[in-house]
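Pulled from TrEMBL:
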type	residues	note
TRANSMEM	161-183	transmembrane segment
TRANSMEM	243-262	transmembrane segment
TRANSMEM	342-362	transmembrane segment
TRANSMEM	418-441	transmembrane segment
DOMAIN	467-577	domain 'TMC'
TRANSMEM	476-494	transmembrane segment
TRANSMEM	581-605	transmembrane segment
TRANSMEM	647-669	transmembrane segment
Amino acid sequence: MEETPAWRPEARGYVGAWSAPQEARAGPSLFSVLNELPSAATVRFRGPGVLPWGALEEQDEDDKRQTQAFMEADHMDLQDPRPSRELPWPMQARRAHRKSLAQNQMARGAGSRADWARKLRRCRQKIRESWRSLRPWAWTLNKIGGQFGAGTESYFSLLRFLLLLNVLAAVLTACMTLLPTWLEGAPPGPPSLGVSSHCGPYNPNPQGLLSFSSQIFNLLSGEGYLEWSPLFYGFYPPRPRLAITYLCSVFVTGLLCLLLILHRSVSGMKQTLLAESGTLTSYSHRVFSAWDFGLCGDVHVRLRQGTILFELQVELEEAAVRRRATGRTLGQEARVWLVRGLLNLLVIGLLGAAFYGVYWAMETSVQLQEEPFVQQTALLKLGVNYLPSVFISGVNFVLPPVFKLLAPLEGYTRSRQVIFILLRTVFLRLASLLVLLFSLWKQITCEGNAEAPDCKACGYNYKELPCWETRLGQEMYKLLIFDLFTGLAVMLLIQFPRKLLCGHCPGALGRFLGTQEFQVPDEVLGLIYAQTVVWVGSFFSPILPLLNTAKFLLLFYLKKFTLFSTCSPASRTFRASTVNFFFPLVLLLGLAISAIPVLYSIFLIPPSKLCGPFREEPSIWSRIPESILSLPQAAQSVLFFLGSQAFAVPLLLLSSILMAYTVALANSYGRLISELQKQVETESRNKVFLAQRAVALSSAPGGL
C-alpha cells in the first residue's frame with residue numbers, strides 16, 4: 001500500500017502530492033474538502049440535476065450523502081424565474097428548468113403578467129433574429145468562415161459593408177442632386193460653339209459622325225457624349241437650389257459614411273481589446289465555451305467545427321512565435337531588429353520609386369496628349385489617357401507580393417504580419433492616388449501660381465482645363481473602370497489557369513505553382529483603394545457611387561466563385577478580431593485622405609466659369625453664405641453664432657474636459673480590473689493551499 005507523501009509548505013499553485021486511496025484515509029477526501037470551499041458553488045456547479053465536476057461514481061458513503069444533498073439543493077434552483085437561455089447551465093439542465101417554468105405557468109394560468117412579459121421578450125428576440133437573418137449573404141459568410149477561416153470571412157463582410165455605403169450614397173445623390181435637376185425643368189445643353197468668354201470656349205460635344213472605335217474610346221475615358229451627361233459635374237445647371245442640394249449631398253454622404261465607419265470600428269475595437277487582453281483567447285475558452293449547442297444539421301456543425309479549428313490554429317501559431325521571441329538572447333534580439341531596420345529601408349526605397357513613377361506617368365501623359373500623332377490615333381490616345389491608371393495598377397500589382405515576402409523575415413506573429421502588410425500596401429495605394437491628385441493640382445492651378453498667364457484671368461488653367469471639375473471626375477472614372485478590368489484580367493488570366501495547371505500537372509510544374517490561397521490583405525486594400533477613389537470623385541462625378549455599387553455587387557459573386565473553385569484554405573491563418581478593427585481604421589484613413597482634395601476644391605480653387613452649378617461664383621463655398629443671408633434674421637443669428645468663436649471655443653473646452661474625464665475613468669477602471677484579477681489569482685492560490693493543508697492533516701496519524 002502506498003503512503004501519502006508529506007505535505008510541503010512550499011508547494012503552491014498545484015497539488016504537489018497524490019492522495020492516498022479511499023480505503024487508506026481516515027479523514028475526508030479531497031472531493032469533500034473542495035466541496036466545502038466557498039468557491040464550490042461557482043467553480044463546481046453545473047446546473048440542477050447534474051453531478052458536479054470531479055464527482056466520481058465510486059464514492060464512500062459520506063461523499064454519496066454530500067452529493068445527494070448537493071443535488072437536492074440544486075433542484076430548488078429550478079424555480080429560478082430567469083429565462084433558461086440566460087442561465088449558465090448545460091442543455092440538460094436548461095430543458096428541465098424550462099419544463100418546470102412551463103408547468104408552474106400552467107398552474108398559475110396563462111393570463112398572468114409574467115406570461116405576457118415572457119411572450120413579449122420572445123417576440124422581440126424573434127424580431128432581432130429575423131432582422132439578423134435578413135442581412136444579405138449571411139449564410140454565405142458563415143460558410144466562408146467555416147471553410148476558409150474568419151480572416152477570409154472578414155473580407156466579404158467588409159465588401160458587404162462597402163456595398164451598403166455605396167447604396168446609401170447613391171440614394172442620397174439621386175434624391176438631392178438628380179431629382180432637383182429635372183424637377184426645376186430640363187437642364188440646358190452644352191455651351192454653343194459661338195459663345196465665348198474671357199475664360200475661353202468650351203465644347204464638350206464635338207460635332208460629326210463618330211466611328212465605333214471613337215464611341216468605345218468615349219465610353220472608357222468619359223469624354224465625348226459622356227462628358228456632358230449626368231455622370232459628371234459640368235452637366236448640372238447653375239440653379240440656386242440645385243447648387244445648395246448638390247453641395248449638401250456631398251457633406252451628408254461624407255458624414256453618414258464617417259458615422260457608420262466609426263460604429264463599425266468601435267464594435268471591432270471591443271473584440272480586439274478582448275482578444276489582445278487574453279480573456280477570450282485562452283484554449284479553455286475555445287474548447288469549453290466556443291461551441292453553440294443550438295446548432296441543427298450536419299452542415300452547420302461542420303462549419304462551426306472548422307471555425308473553432310482555425311481559431312485554435314491561430315492561437316497555437318502565435319503562441320509558438322511569442323515563445324521563440326521570449327527565448328532570444330540579446331545578440332539574437334539585436335540581429336532581429338537590425339533585419340527589421342534594413343527591410344524597412346528597402347520598403348521605403350520601393351515606395352519612393354513607385355511615387356516618382358506615378359508622378360512621371362502623369363506628367364508624360366499630359367505632354368503626349370498635345371502631340372498631333374496621338375490625337376489622330378484613337379487607340380494611342382486611349383493608351384496615353386490611361387497611362388497614369390496603368391502605372392498605378394501595375395505598381396499596386398507588383399509591390400504587395402514583395403511586401404508579403406518581406407513580412408515573415410521580420411519575426412512577427414501572423415496577425416502582426418498582416419497588419420504590417422496592410423500598412424505598407426495602403427500607404428502605397430493611397431499615396432499613389434495623392435501623387436496623381438498633386439499632379440492634377442499643379443496642372444489646374446499653374447503649380448499654385450495665381451499670377452501665371454494661364455491662371456491670372458480666371459484663377460485656374462482655363463486654356464488646358466476649361467472645366468477642371470469634369471477632368472477630375474474623368475480621372476477618377478478611369479481609375480474605377482481600369483481597376484475593374486484589372487481584377488477581371490487577374491481572375492481570368494492568372495487564377496483560373498493556375499488552378500488548371502496545378503490540377504492537371506502533377507509533376508514539377510504543379511508543385512512549383514502550388515495551390516493558391518485567398519490573399520486577404522491584397523484583396524482588402526483593393527476594396528479600400530476603390531472606395532477612396534469613389535469618395536474623391538463623388539463630388540466631381542455624382543453617379544460614381546452607383547457605378548461602384550454595381551462593381552462591388554459583381555465583385556462579390558466573382559470573388560465568391562473564385563474562392564470556392566480555385567482557392568484552398570490558408571495554411572497560416574490570423575486572428576480575425578484584429579483585422580475587424582484594423583480594416584475600418586484603414587477605411588477611415590481613406591475617407592480622411594479623400595476629404596483633402598474635395599475640401600480644397602470647395603474652399604480654395606475657383607469653380608469653372610463655363611460648366612457646373614457654381615459657375616460665375618468666386619468659390620464653391622460662397623453659395624452657402626449667400627443662402628444663409630436669404631434666411632430670416634433669427635435663423636441667420638443662430639447659424640452665424642454656431643460658426644463663430646463664441647461657440648467653437650466653449651465647445652472645444654467642454655469636449656476636452658469630457659475627453660479627459662473619460663480617459664481618467666477608463667484608467668481607473670483598468671486599474672480596478674487589474675487589482676481584481678490579482679485578487680482572484682491570490683484567492684485561488686489560497687484555496688488550493690487550504691485544500692492541500694486539509695488533506696494533509698486528515699491523512700496524518702491522529703489527524704482531524
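Backbone N, Cα and C atoms are what each Cβ position is placed from, and that goes for glycine too.
Annotations in TrEMBL come from automatic prediction, not curation.
The list of residues near the transmembrane segment (647-669) in space but at least 6 beyond its ends in sequence, with Cβ under 8 angstroms from a Cβ of it, reads 641. Sequence-distant contacts of the transmembrane segment (243-262) (same chain, six or more residues past either end, CB-CB distance under 8 Å): 161, 164-165, 168-169, 172-173, 176-177, 180, 236, 535, 538-539, 542, 545, 584, 587-588, 591, 595, 598, 602, 613-614, 620-621, 623-624, 627. The helix, strand and coil residue counts that DSSP assigns across the domain 'TMC' (467-577) are 86 helix, 2 strand, 23 coil.
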